[in-house]
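K.L.:
So that we are looking at the same thing, I have put the structure below in structure tokens.
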Ligand SMILES: Nc1ncnc2c1ncn2[C@@H]1O[C@H](COP(=O)(O)OP(=O)(O)OP(=O)(O)O)[C@@H](O)[C@H]1O
């Protein structure tokens with residue numbers, strides 16, 4: 001007989017899975033596929049044979065199936081109802097097939113063998129064994145709850161007509177929700193109660209937290225608010241309302257920590273020690289908020305870490321780069337979907353104490369977006385008058401931040417909003433000279449990289465000359481981050497050599513083909529790191545002797561100081577000045593000022609007044625925007641060189657603002673500029689007299 005193999009009985013849209021359909025398929029008979037040509041299969045029905053089934057097995061099987069029914073009601077209410085019906089009918093053929101179909105523990109191949117067995121008694125025996133195993137493995141601690149649940153289901157079955165499946169299912173699902181969810185969530189609500197008791201909540205907070213807890217207890221766990229409230233109370237219980245680390249401010253120990261972790265930086269260390277000393281003597285929770293500013297990789301973050309270490313406090317770093325939403329700082333209100341607390345509250349939760357050192361990293365990279373200004377939110381956090389009752393929107397309870405030490409860092413202070421900057425005490429940090437970098441590399445970076453790569457310091461030695469070569473030719477930075485990366489590459493090379501030698505023969509006492517220690521010199525650096533990337537940037541060597549109109553200016557950016565070549569040429573014309581190189585308004589005005597000054601002083605200087613020719617001023621790296629008044633003196637030099645047809649020295653760089661009457665005015669970033677000039681191979685720098693005091697910060701080797 002040809003017949004359909006499967007009959008689709010009903011497709012039910014479950015209310016809790018709005019977009020998912022569940023397709024219920026019901027097997028009606030065994031069959032063998034005789035021929036198969038897509039999309040039609042021709043099948044032959046197979047008939048089961050009763051076999052020899054003894055009464056003892058029948059009784060045991062029925063008993064086991066009744067227990068199995070209890071378990072099944074938790075899994076699928078509809079399957080439980082069908083099984084109940086089959087139990088009433090005592091149809092052993094169908095009972096065996098249906099109950100086995102509910103088991104997930106039986107492997108697919110075993111199930112196929114079962115399916116192919118036509119002898120009913122054999123299948124009942126198999127089903128009985130598997131069901132017994134299943135019941136044994138489902139021993140549940142919530143037995144009483146399950147029994148109640150079962151009773152209620154049975155009651156439902158008797159009250160509602162069997163054919164009214166939809167009503168029955170809805171009611172039954174409510175029962176599953178009521179009991180099933182208690183089985184799952186009972187533990188977490190009880191655990192929460194314990195956590196809230198242990199949280200040492202302050203007076204005003206305690207009552208509100210317990211009120212919310214009572215509200216949670218009265219809620220059905222299927223309510224959407226239930227989980228929101230549960231998570232909220234979890235946070236309340238986890239916050240360190242009354243937990244703090246005791247301060248051990250020992251100035252000599254702090255000095256030692258700072259000296260051990262950081263080379264040089266004398267001015268910064270002195271200021272940090274003063275800060276700690278004042279804290280020790282006054283015992284004031286409130287103090288200035290330090291802001292370390294300077295180029296990347298000069299140790300701003302790591303010095304903040306050292307402060308936390310010397311105080312014995314927890315350290316939390318909050319990267320503010322790219323934040324443009326007020327709620328990142330202050331949290332979302334709980335009514336929002338997926339609402340979360342702000343970063344400050346999260347940092348405190350993570351720290352587990354209410355007096356950590358929180359580093360607000362990169363405050364200059366906060367932006368005001370459409371959803372409010374994060375800087376404005378930070379103002380409240382940093383204000384000692386207000387921050388003893390900081391209210392995060394999510395938490396909606398005041399938290400005392402006055403014990404927290406906030407430290408911030410910035411690369412570019414001009415990008416920090418004025419009111420925020422006003423709250424902080426800025427400590428400017430500048431880049432390092434080659435000699436300072438060498439010391440940092442020898443004392444800190446190399447030992448750290450050796451350790452990271454599992455190399456004993458006696459097995460790999462990097463010559464100072466090799467380190468200097470790396471500094472000069474493989475890095476171009478104010479800080480030491482690239483240098484640490486290059487040292488890491490050298491160490492990995494050493495690690496490979498050592499590991500290869502060790503691999504050759506594990507039992508060998510001596511590492512073959514390897515002479516220890518591995519010594520890294522200039523040649524080895526070239527071999528490991530490849531072609532020197534920055535040798536080509538030695539501008540003095542590269543540009544050689546200057547032509548009239550060329551001069552080196554100096555600029556400073558968030559990446560440190562840099563040499564800025566300026567070129568000027570003439571064209572036939574009527575005294576106009578053309579500018580190229582993406583120059584800002586202030587720089588263009590400096591060019592106008594320089595031209596006017598040359599014209600006014602051409603007689604005294606015995607040079608052309610540039611009125612009968614056009615000048616073209618170009619500053620290379622045309623894609624990079626340049627601005628600021630500090631190139632004034634360099635532009636005057638370039639135009640004078642052109643007007644007088646005399647060359648400027650090509651080993652010299654100039655900086656300083658120029659006024660219309662020829663006064664040279666002071667400029668900022670002297671140390672960075674001089675270091676940048678030194679990196680580019682410049683040997684002489686001309687600075688405004690009024691900047692003389694700034695030169696005291698310069699390293700003697702640089703001055704020399
Ligand atoms: N004076 C120093 N002594 C020892 N190590 C230093 C010194 N300066 C910097 N370092 C090391 O250089 C690495 C980079 O420093 P850090 O991350 O603190 O830079 P940063 O100034 O915060 O940079 P960014 O502005 O990019 O965040 C760190 O591993 C730090 O230990």
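Cβ atoms are placed via backbone N, Cα and C, with glycine included.
From TrEMBL, here are the annotated features:
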type	residues	note
ACT_SITE	630	active site
ACT_SITE	673	active site
BINDING	294, 295, 296, 297, 298, 299, 300, 301	ATP binding site
DOMAIN	545-704	domain 'Lon proteolytic'
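In the displayed structure, how are the listed features positioned relative to their neighbours?
P.N.:
Counting only same-chain residues six or more apart in sequence, the Cβ atoms lying under 8 angstroms from the Cβ of residue 630 (active site) belong to 553, 554, 555, 556, 655, 656, 657, 667, 668, 669.
Under a cutoff of 8 A between CB atoms, and with a sequence separation of 6+ in the same chain, the neighbours of residue 673 (active site) are 554, 555, 556, 561, 562, 653, 655, 685.
Same-chain residues at least 6 positions away in sequence with a Cβ under 8 Å from that of residue 300 (ATP binding site) are, in sequence order, 292, 293, 294, 409, 429.
Across the domain 'Lon proteolytic' (545-704), the prediction's mean pLDDT works out to 87.
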K.L.:
Other than 294, 295, 296, 297, 298, 299, 300, 301, which residues of the same chain sit close to ATP? List them in sequence order, counting a residue when its Cβ is within 8 Å of the Cβ centroid of the site.
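P.N.:
Along the chain, the qualifying residues are 292, 409, 411, 429, 478, 479, 481.
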K.L.:
Fewest other C-beta atoms within 10 angstroms of its own C-beta: which of the binding-site residues 294, 295, 296, 297, 299 fits that?
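P.N.:
Comparing Cβ neighbours within 10 Å for the binding-site residues 294, 295, 296, 297, 299, 296 has the fewest.
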K.L.:
Near residue 298 (ATP binding site), how many other Cβ atoms are within 10 Å of its Cβ?
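P.N.:
Residue 298 (ATP binding site): 25 neighbouring Cβ atoms within 10 Å.
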K.L.:
Just to be sure I understand the packing, how many Cβ atoms besides its own are within 10 Å of the Cβ of residue 301 (ATP binding site)?
P.N.:
18
K.L.:
Which recorded positions of 295, 300, 301, 673 contact ligand 1 in the sense of C-beta under 6 Å?
P.N.:
300, 301
